[in-house]
Structures are given as structure tokens and as C-alpha cells.
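Features reported for this protein in TrEMBL:
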- 47-65: transmembrane segment (TRANSMEM)
- 49-496: domain 'Amino acid permease/ SLC12A' (DOMAIN)
- 77-100: transmembrane segment (TRANSMEM)
- 155-176: transmembrane segment (TRANSMEM)
- 182-202: transmembrane segment (TRANSMEM)
- 271-291: transmembrane segment (TRANSMEM)
- 324-346: transmembrane segment (TRANSMEM)
- 366-387: transmembrane segment (TRANSMEM)
- 393-416: transmembrane segment (TRANSMEM)
- 437-458: transmembrane segment (TRANSMEM)
- 470-489: transmembrane segment (TRANSMEM)
Amino acid sequence: MTSLHSTDRDKKQSVEYELEAGLPSDSASEHLIHHTENLNRSLSPRVINMITIAGVIGTGLYLGTGKMLATGGPLSLLLNYMIIGIVVFFMMLCLGEMSAQYPVSGSFTTYAKRFGSDSLGFAILINYWFNDCCSVAADLTALQLVVQYWTDFHWYVISIIFWVFLLFLNVIHVRAYAEAEYWLALLKVVTIFIFFIVSIVCNAGKNHMHEYIGFKYWSYKDAPFVDGFRGFSSLFVSAAYAFGGLESVSLTAGETRNPNKTIPKTVKATFIRIIIFYVFTAFFIGMNVPYDYPNLSTKTVAVSPFTIVFQQVGAKAAGSYMNAVVLLSVLSAGNHALFAGSRLAYNLSTQGYIPKIFLPLNRFQIPYVAVIVTWLIGGLCFASAFVGTGELWTWLQAIVGLSNLISWWVIGVVSLRFRRGLAKQGRTHELLFKNWSYPYGPLFVVIFGGFIILVQGWSTFSPFSVNDFFQSYLELGVFPVCFLFWWLIIKRGKDKFVRAADMDFDTDRYIESPEEIEEDERAKSLKGWNKFKYNFADNFL
């Protein structure tokens, strides 16, 4: 088994880095940075940027948007993406600040323990690991829905093929996972921009009706707000499901080269990505697809609104092309979820929450046991044989969406405690990346995010539906139950939140290596074309 702690050579390097930063040798000994992980830092800036985009453009956007349109109408869809987008943007600033300082694979789940309490760390780790396990299952279930566009071939055969393929991608070298995500993400980005062009053409009159559409569907029947506030509030969890994955870029921090530069760049680009990939997409879909279009969302079938728009401007082949892209995108989302979930399972073991069975690394430094266990739980997708594919996907979407909201809320809480601790110890100046929105950004995430968690199931109360109620709020019980379990059963009620003065700001603190410092100096000296090439081509292509 590969050791999780630094070797003597690693510790010596840490001291050298301290000396390089200007600390005297005795100070370096006192402030020796202790590392809790030994994962392979093989992910480059271009891959990290594309992994983030891969997390953005996934099942929620391609299939979930159709369900949202059918439930709430075009304006509810657009406003929900804008509102949740603001919450996510501030959350990412909070997360980026901590991840640049402490780039570990557990990310915010590790910070919850370090700057919160053991019980909080356990609860959010279990919550988010369960989130990713359900995400793998949701994506494999969505694959069944997407393939139904072409054939009624046995769904379980399709699921098994893709299920095994995901395992293969995640147990070999991390670069294989990263390169697969990179090219799939690039395909998704290109297709989104093609979709924008096709949407404009479709709206202008190149459609099966041969007429200008404009904003016709915004005043169609009950649009733009279908079912009023009930319909509007019910979309929050679907929007949260669609945005899920943005925060998981921080889970790759432990395997990222030069994370104190790469992660802030990625976080700063979040706002633009939200506008392009969510707001623009929702706007064009609402303009070109009526909310009552057949099969947007049923218990057995779910056709992507992207596929519908492509169908309207051309032959069956155009729709098939878009559906193929949706298929690959859903596969990419499953790959992304399995990667993130396995790192969380690994982190559960490194922090001592579960047995050390998840700790072994293979020769590629991949936590293969964690990958396999997370992958096996993803087999929940086969439950569609009992409840129907569309119904199962709706349940999984609700669970994952609410889990995302809870995770973002915790990130806001931990960010506030993190900053309070730094201020108490007089170490705020050490931040490698500062969250410019503090304290209002984290407070907004905590207060408004908490409000959304409570009202997202409003539609289940009138008329009251037991099935819909549990679908909307089942996940809300997981987090407090896990917290209370660790606090009452394991810690016997003695677990307390870490005092600001006692917070650990040294373990895993990132210090640049001499090579990284040299690269930073070289980057700062670049001008003109060379600077553009470094910032764009070298980091994205």
C-alpha cells in the first residue's frame, strides 16, 4: 500500500520550498508543511478548465432543462438558472479561496472538518459521496432515455456496456480520465455554440412550420409562468442538479499542477460559463420549444430539447446528431461523477471516518477500491426495471439536486468560519487567492441558499402528495441524520466546533516549488502574442 503521508524526501522538499520563500531554516522546521495525501499531480491547466466545463454541460442541462420547461414554462426556466447561477458564483469564490490555499482531493469536505467539526465533516462527506453515487446512477439511467430516441433495444444491455466502460476509464492513469473528459468537453462546447446558431435559424423561420417564431411560446397557453409560484419553486432543485459539478473541480485540487494559479483562473471564469452555458441555453430553448411539447418529461421517455430544436430545422439526421452528442455528454457526466465520488470515498478513509479499505492505490496512484465501490453503487440505475426509467431519473435528479444545494450551503458556512479563523490568528495576508465578495457573498449563499432548500418542495403541499413530498425532501434528512449519528453515537455528544484560535492553517498549505515560481516569472515576462498563446493556447488546448 502506498503511504498517505509525506516521505522524508517529501518533507525535505517542503523545507526547501519554505527556504525558497524566504523563511529561515529554523522557521522552516517549525512551519514544516505536513501533507496528508500522495495522489498524482498530473492534471494540467487546460485539462482542469475542460473538466470544469464537462461538469457544467451535462445531463441536467441536456435533459433536465426539458423537464424544467415542461413544469414551469420558459420564464421560470430562465429565472431559475439566473438565480441559482448567482448562488453558485458566490459559492465558487468561497471554494476557490480555500482550494488555492489547501489543494487536497477532499476539498470542501476536508475544510468542513478542519474549520468546522468532525461531525460536520462526516455529514458533508457522506452527503456528497452519496450525491456522486446517485449521479453515476442518474447518468446511466439518462443514457437509457437518450438511446430510446433510436431504438427499444434492451436497456439493461446498454447500461451494462456503459457501466463497465466508466470503470475502465477510472482505474487506469488519471491522464486517461482527464484526456477523455477534455475531448468530450470540447465536443460539448462546440455543440453548444452550434446549438445557439441553429436556434436563431429555427426561430427566424427555418423550421418545420416555415414561420417566424419570435417569442410566441412565451405567451402560449399558460406560459411564461406555468403553474405560477408552485411551478417556479419546483424548478430550484432541477436547476441545482444542472449546476452540480462546478464545485467538484476543487476535488481535483489534490491532483492538479500549480493549483494556486490554476484553480483561481477556473473560478474566475465561472460567471462567463454560467451566462453562456445556462442563461443563453435556457433563453433559446424557451423561445423555440413549447412547454407542452410531447415527451419533454414523462415516466418512461424524456427527449432532450436540444434534439427537438435540431429536429425542427432539418431531417431526422440532424436530430440524431444532436442526440448522439447528448449521449456522449451524459457519458461524460457519469465519468466526471465517478471520478469525484471515488476521491470522496478515498477521503472518507484518509480522515478516519470509514475503514481503511478505501485507501489502497494502484501503480497509477488511483484509489481503485474507492473507484470500484462508488461504481457498484452506481448500479442503482438498474432499478429502472421496477419503477420506470423516467420515474427513476426524476427521483435521482431530485436527490442529487437537493444534495448540491446542501453542499453549497455548507461551503458558505465553512467559508465564513475559515475567514474568521484567519482573522483571529492574524493570517489573512497569507491567502493566495482572496474572495472579493467576503463577507456578503458567503452570507448570501448561506441565507438565500437555505431559503431555496426549504421552498423547493412547495408544490408538494397543495395538493399534498406523499410521493412528491419524499421526492423533494428525502435527501434533506440524510445530512442531519449523518451529523447526529457522528455527534451522538460516535463522539458521545462531545464533538465541538473548532475554535477560531485553534484552527489548523498549516497542514497541506500549498507552497510553490522552485519550478513553479520560475514558470510564474516567465509568464509575467511574456507580452503580446506570446502572452496570449500562454494564457489561451497553452492552458486550454
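Glycine is no exception: its Cβ is also placed from the backbone N, Cα and C atoms.
Per-residue confidence over the domain 'Amino acid permease/ SLC12A' (49-496) averages out at a pLDDT of 86.
Between the transmembrane segment (182-202) and the transmembrane segment (324-346) there are at least 3 Cβ pairs closer than 8 Å, counting only pairs 6 or more residues apart in sequence, which means the two stretches are in contact. Panel annotation: around the transmembrane segment (77-100), residues 65, 68-69, 107-108, 111, 232, 235-236, 238-240, 242-243, 246-247, 250, 253, 259-260, 263-264, 266-268, 270-271, 274-275, 278-279, 282-283, 285-286, 408, 411-412, 414-415, 418, 431-438, 441-442, 444-445, 448-449, 452, 510 of the same chain, lying at least six beyond its termini, place a Cβ under 8 Å from a Cβ of the stretch. Only residues 6 or more beyond the boundaries of the transmembrane segment (393-416), in the same chain, are considered here, and those with a CB under 8 A from a CB of the stretch are 60, 63-64, 67, 87-88, 90-91, 94-95, 97-98, 108, 111-112, 115-116, 120, 124, 127-128, 130-131, 134-135, 137-138, 141-142, 145, 236-241, 243-244, 247, 297, 302, 380, 384, 387, 435, 438-439, 442-446, 449-450, 452-453, 456, 471-476, 478-479.
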